[in-house]
Every structure is written in C-alpha cells, then in structure tokens.
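Here is the structure we will look at.
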Amino acid sequence: MNEVILCYALVLGLAFPLGIYMARALDDERESRIDRLFRPIEAVIYRLAGVNETRVMRWPAYALAVVVLHLLLIALAWGVFMAQGVLPLNPDGIAGMSWDTALHTAVSFATNTNQQHYSGQAQLSYLSQTFAIVTLQFITPATGLAVLLAIARVLLKKRAAPVAEATGQSVGVGNYYRDLVRTLVRILLPLAMVVALLLTWQGMPSTWQGAQTVAPLDQSVATTQQIPLGPVASMVAIKQLGTNGGGWYGPNSTVPLENPTPLSNLIETVSLLLIPVALLVAMAVFTGRRRLMAGIGGVMLAFSLISTSVLIASERLPNAAFEGLAAVGSANLEGKELRFGPEMSALWASWTTQTSNGSVNAMHDSLNPMGGMVTLMDMFINVTFGGIGVGLIGYLLYLMLAAFIGSLMIGRAPELMGRALETREMRRISLAILAQPLVILGLTALTVAVPGLVGTSNPTFHGLSQVLYEYTSAFANNGSGFEGLGDGTPWWNLTCVVALLIGRFVPMLVPLAVAAWLAGKRMAPAGRGTLAMDSGAFVGLTAGVIVIINLLGFLPVLVLGPIAEQLTLGY
Amino acid sequence: MNDALMIRPVLFSSLRLMVVLAALLGLVYPFVTTTLGGALFPFQAGGSVLHDSQGRAVGSALVGQSFEGAQYFHGRPSAVGNDPVSVGGSNLAPGNVALRERAQQEAERLAARDGLIIGEIPVELLAASGSGVDPHISPAAARVQAARVSQARGLSLESVMQAIAAATEYTGFPGAPVVNVLRLNLALAAMSPAEARQEMR
C-alpha cells in the first residue's frame with residue numbers, strides 16, 4: 001500500500017515542475033532560455049525537412065497536416081513490417097508479417113494505441129521495433145499534445161492570442177510542425193533518455209545483439225533456452241512516457257526483461273501517468289486558467305482514486321479457481337508477477353486503462369471480474385487524465401456538452417468561454433461523443449453474432465467481455481487486451497483498424513474544429529448570469545455528465561459481461 | 001496565412017519531415033541510448049546472464065527455468081513452459097473450468113511431491129505468472145521444498161535454509177522479499193560435490 005501511495009505522491013510532486021517547464025518550453029509567444037538551448041537543433045530539423053515552421057495555420061490546414069503525416073507514417077510502418085525479413089537489423093532472422101497484421105500494427109501504433117496482435121520478441125526485427133515503432137511512439141503523443149496546444153491557444157487562453165486577433169472571422173490555431181518538433185525535442189526525447197538509462201540500470205536489455213542461447217540447469221527438462229534481447233530499454237522508456245503501451249515482449253511489462261525489479265516497476269508506473277498529469281499544470285500556466293484546470297484535475301483524480309481502490313480491493317480477493325486449494329486469504333496471483341504483487345499490479349491496471357497507455361504488468365484476462373469491469377469503465381470514460389493531449393481534449397468535449405446542458409438548466413443561451421454554442425457545434429460534439437458506443441457496441445454485436453469469428457478462449461460471460469474489451473481498447477486507443485483472444489485474424493485486424501482510426505481522429509479533430517469556430521465568434525463579456533466554468537457546481541455537473549453518458553451507453557453490456565460473471569462465481 | 005488547402009505541398013513537406021524524424025527518433029535515439037546503456041551497465045544490458053562454476057552460461061537472472069529434478073527448487077507454473085521466446089500467461093478467467101482443473105492437478109502433484117497440505121498451498125505455486133518466466137517464488141514456497149532438496153543433495157537442512165536466505169531478493173523498499181529460484185539452484189549446485197562431479201562428465 002505504501003508503494004501505491006508513493007506512486008500517487010511522486011506523480012503529483014513531479015507533475016508541477018515538469019508542467020511548468022512544459023508550459024514555458026511550448027509557449028511560442030515568450031522567449032526563454034529553453035529556446036536558446038533547443039532552437040539550434042530544431043533549426044536543423046526544419047531545414048532538412050524543408051518545412052516552414054512560422055506559417056500560422058487555420059484549423060483545416062492544421063488537421064490536414066496531422067492526417068497527411070499520419071497516413072505517410074502508416075504506409076512506412078506497414079512496409080517495414082512486411083519487408084523486415086529482407087531488411088537490416090534482424091539478427092534473429094525473423095520473417096515478414098502478414099499484410100493484415102502488418103496493417104493493423106501500423107495503424108495501431110500510428111493512433112497511439114499500440115494494440116498488438118503479434119508477439120514482438122518473436123515476430124518483429126530490431127528495425128521494426130525501433131525505426132517503425134519507436135518513431136511512432138514519439139510522434140503520436142507529440143501530436144496529441146500539439147492539437148491540445150492549438151485548441152488551448154484559440155479557446156482557453158485568457159488573453160486572446162495575437163494569432164486569433166489578427167485573422168478576424170477565421171482564426172489561425174498555430175503551426176503543427178512547430179508544435180510537434182518542440183514537443184519531441186524539448187520534452188519527450190530528454191525524458192525518454194533519462195528513463196531508458198534508469199531502466200537499463202535495473203536490468204533491462206540494451207544491446208543490438210541477437211538472442212542469447214543458454215544451457216539451463218535442469219538438463220532433463222530442456223537442453224537449451226533462447227533469451228530474446230535487443231535495444232529494449234530505449235523502447236520501453238517512450239512506451240511508458242508517451243501513453244503508448246506497446247511493449248518489446250508479447251506480455252509487455254509482466255516480462256522480467258521488460259520490467260526487472262520492484263524499482264523498475266515503480267519507475268515505469270510513475271512514467272505512465274506523469275505527462276498526462278503534468279499537462280494539467282502546463283495548461284494552467286499556458287492558458288492562465290488555474291481554477292478551471294484545478295477543477296478538471298480534481299474530477300480526474302477522484303475518478304482515478306475510485307478506480308484504483310476498487311481494483312486493489314478486487315485483486316486482494318482470492319481467485320475463485322484456487323478456493324480450497326491455496327492458503328486461505330491468498331490474493332489473486334493468476335497472471336501476476338510475484339515481484340510486483342497484487343497491489344502494484346492493480347495500480348498499474350488502473351492507471352494504464354485511465355491514460356490510454358495500455359501497457360500491462362499483469363494479465364487483465366485473469367483479473368477478478370470486478371477488477372476487469374473497472375478496467376473497462378476506465379477505457380469507456382478515457383478522460384481520467386487520458387492519453388497525452390487527447391485526454392484533456394476528450395474532457396473538453398464533455399465540458400462542452402456540460403456547458404450546453406448547464407446553460408439550458410439556468411435558462412441562458414448555451415455558451416462556452418463567452419462564445420455561443422450553436423447547432424453547428426453541438427451537432428459535431430454529439431457525433432463525436434456518440435461515435436464511441438456506436439463503434440464499440442456495433443462491432444461487438446457483429447462479431448459475437450458470427451461464432452466463427454470471435455476466437456474467445458474463455459466460455460460464456462467472460463467470452464463476451466473479451467470481445468468487448470478488444471474493441472473498447474481499440475477505440476479508446478488504449479491497446480491492452482484480454483489477451484486470450486485469438487485476434488491475429490483478418491477479421492479482427494481489419495475491424496480493429498476501423499475502431500482505431502475513428503477512435504483517434506474523430507474525438508481529436510472535432511474539438512479542434514469546434515474550438516476554432518468558437519474562437520471566430522464575437523465574445524460576450526461575462527456577466528452575473530454567466531455559467532462559471534470554474535465553480536464547484538459546474539465541475540460536479542461535468543463529472544455527472546461523464547458518468548451518466550458512459551453508464552447509459554455501456555451499463556447493459558457490463559451486466560452481460562463482468563457483472564454476470566461475478567454473480568456466477570457466487571460471492 | 002495560406003488559404004487554399006493544397007494537398008501536394010503538404011504531402012511533400014510531410015514526407016521530408018517524416019524521413020528526418022524517423023532517422024532521429026527511430027535510429028539516432030535508440031542507437032545513442034543503447035550504446036550509453038551498454039557502456040554504463042554491461043551486465044544488465046546483455047540480459048543479466050549467469051554462469052556456473054565451469055563458466056557456462058546457464059540462464060538469465062531475470063528469466064525463470066523449468067525444474068523437475070528432486071534436487072532442484074521448483075518455480076511457479078508457466079503457461080508456456082518457461083520459454084522466453086513464447087512468453088505469456090494462461091489468460092484463463094477465474095470462472096474458467098480449465099483453470100480450476102489445472103489448479104486441482106497441480107495441488108495434488110505438490111501434495112504428493114512435497115507433502116503440502118491442500119488448502120494451505122502458497123498460491124503462487126498454483127497460479128501461473130503473467131510472463132510465463134517469473135523467476136521468483138515466495139520464501140514460504142521455498143521453505144516447503146527445502147526438506148526434499150536437502151535430502152536429494154545430501155546437504156543439511158540448515159545449509160539449504162541459509163541458501164534460501166542468500167537467494168532472497170528485494171528485502172528492502174520497494175518490493176517484498178522473493179526468492180530467485182535459478183540463483184538458489186545455482187548456489188546449491190556449487191555447494192553439492194556430488195553434482196559438481198556429475199557435471200564434469
């Protein structure tokens with residue numbers, strides 16, 4: 001328990017200095033020492049790439065720049081995965097991937113999801129793991145943060161930015177390339193290098209050599225053991241920091257080579273939540289709206305603590321399968337590593353599903369039913385800190401809905417930050433929110449309707465949970481799974497690609513468009529009857545909207561899955 | 001500000017930017033970090049490989065192995081036979097009959113082998129790990145095997161207990177004490193003259 005409390009304390013403690021640094025590093029209006037340090041490196045990147053980083057983009061140009069770069073990245077990664085057998089950096093002689101698994105993997109990593117329908121240590125070359133995957137693990141969180149910056153600039157910043165004023169009706173939101181490169185060079189790269197070295201110190205492989213062959217002690221069982229190695233630490237650092245989650249080895253950070261000690265587990269756990277929390281601080285400084293961000297952070301922290309408490313309680317309970325066999329009162333250790341124990345495994349499961357990270361240090365398929373349900377709830381909500389950038393953007397989407405409902409409740413014309421919320425905005429906001437249950441429940445229903453497609457490894461209610469979890473994880477851009485599912489088929493690969501793309505780009509780009517439209521409207525001065533967004537009542541209303549929307553969408557299917565499963569276990 | 005949304009210039013600048021960023025993030029960064037890590041921590045970076053008294057590489061301190069002989073301490077059940085190339089957990093749900101059957105069989109095997117009492121077995125000896133290569137068991141799960149191992153090796157129970165204590169890791173904070181099974185078996189092999197001779201053949 002002390003470790004769980006320490007993890008929360010470390011994240012909250014580190015989030016403040018990091019958040020303040022991030023706000024200064026990303027603010028392009030004020031010159032700072034950070035600029036002088038990093039600008040020469042960035043200048044080389046801009047020159048080599050031939051991009052104009054000073055041109056201010058309107059939202060369609062910004063969104064187009066995001067989409068085009070990501071389509072190209074998908075094509076590059078898809079090609080590398082299929083051709084890895086003949087490309088360099090492949091000491092273990094691994095063959096190319098099938099076209100459908102390669103496509104799913106490319107899209108999965110290009111959407112910050114990192115859902116894996118393969119096992120990395122056996123199916124990816126070192127080139128695929130670094131050149132294709134690590135690249136995406138850096139660019140995707142930086143993109144989430146870039147889009148959040150664009151929204152914050154035009155909608156949230158207290159003093160309207162000059163970019164917004166200069167253009168009148170249609171506002172400029174910033175330059176995607178500059179936001180992207182600054183995030184990469186000033187925040188993600190330095191942090192990842194430090195974490196990678198700490199993890200190597202704790203025992204994580206860091207080599208370009210191929211698998212080591214050893215002769216095990218008990219030669220009567222096996223005469224050789226192959227130990228897959230690689231430049232693991234450099235990947236795991238950004239996997240944890242960038243809300244990515246896709247690991248080097250199939251079972252991710254359960255594997256001792258990917259999470260060697262209790263201390264490495266502590267480092268990886270803190271890395272998992274650090275940037276999403278620091279972003280709240282960064283946005284408070286960047287926009288000047290400290291009370292608003294404190295309110296948002298409070299709701300997120302409350303959701304997080306509830307989820308973590310239930311998960312810890314669930315995993316401290318015995319696993320029903322060992323009743324009467326194991327010592328009385330044993331925790332559920334099926335699928336868990338002994339060096340972490342039930343509590344640190346539960347904490348990880350809680351944080352990884354809140355933040356759309358999706359790495360695991362225990363197998364979620366073997367969680368007790370209530371624990372499994374909490375991981376699903378975390379991914380439905382998906383804004384408990386959430387993925388880098390997109391977590392706050394998703395919260396903003398709920399905030400817009402809450403502002404609409406709240407304004408109507410007090411008899412005012414709906415408005416947000418002094419700008420009128422009208423039909424055009426509300427239609428897009430509703431669509432972005434409704435896309436989630438439509439895609440997840442639609443694909444789940446379709447898949448369970450055709451028994452030949454499902455590939456579940458557990459019977460009855462838990463089988464339904466496995467299917468539901470996979471699509472929920474894809475849409476939430478989480479990437480964790482109930483991994484018993486046989487998901488390496490064209491059906492699973494292609495349907496997940498649909499969920500991945502919609503789940504990434506709709507909830508990210510719709511708020512960008514809405515923010516730009518709102519920013520172009522005339523601003524009404526705040527009066528006595530204005531909805532105060534930083535009031536306790538409004539913070540509570542937003543939290544209520546989040547809970548109600550998700551329960552309306554998903555309570556029925558939760559009853560059919562984990563709740564029914566719990567009832568059949570009979571306690 | 002450029003008004004028209006022209007695809008072609010965006011395509012070209014994105015393509016160039018992608019090449020530059022992929023080189024920086026996907027090649028330079030892993031190369032620098034991996035080189036630094038390997039130089040600073042060569043043992044860890046190379047996979048924490050352990051050697052026996054004859055200098056042969058017998059395994060990694062981080063990777064569990066399958067043990068069946070009576071002279072060895074045995075680790076946790078593995079869904080993948082402790083093969084680090086096909087790592088994984090059982091992924092069986094608590095309500096799955098297959099999990100119950102597996103646990104039942106394992107419990108009976110342990111009862112027959114070490115005289116464990118069904119209903120009091122340390123749970124990690126029944127529950128498969130998430131990775132399938134968990135290198136640890138609890139000190140309690142090691143102690144219940146000590147009598148069998150000391151008998152098979154002709155060592156005193158006391159010296160086996162001392163070896164367990166010596167192979168216990170994470171006694172401080174963070175973490176809880178656990179016994180590294182491979183390190184323990186390696187230490188015992190070095191202590192037992194009989195086996196050392198056997199290995200010389």
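Just so it is clear, glycine is given a Cβ too, placed from its N, Cα and C backbone atoms.
TrEMBL labels come from automatic prediction, so no person has curated them.
The transmembrane segment annotation in TrEMBL covers A:6-26, A:61-81, A:131-152, A:184-204, A:266-286, A:293-313, A:379-410, A:431-454, A:491-518, A:538-564.
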The transmembrane segment (A:431-454) vs the transmembrane segment (A:538-564): 3 or more CB pairs under 8 Å: yes
Any contact, the transmembrane segment (A:379-410) to the transmembrane segment (A:538-564), with at least 3 Cβ pairs under 8 A: yes
Contact between the transmembrane segment (A:61-81) and the transmembrane segment (A:266-286) (at least 3 Cβ pairs under 8 Å, separation 6+): no
Proximity of the transmembrane segment (A:491-518) to the transmembrane segment (A:184-204), 3+ C-beta pairs under 8 angstroms: no
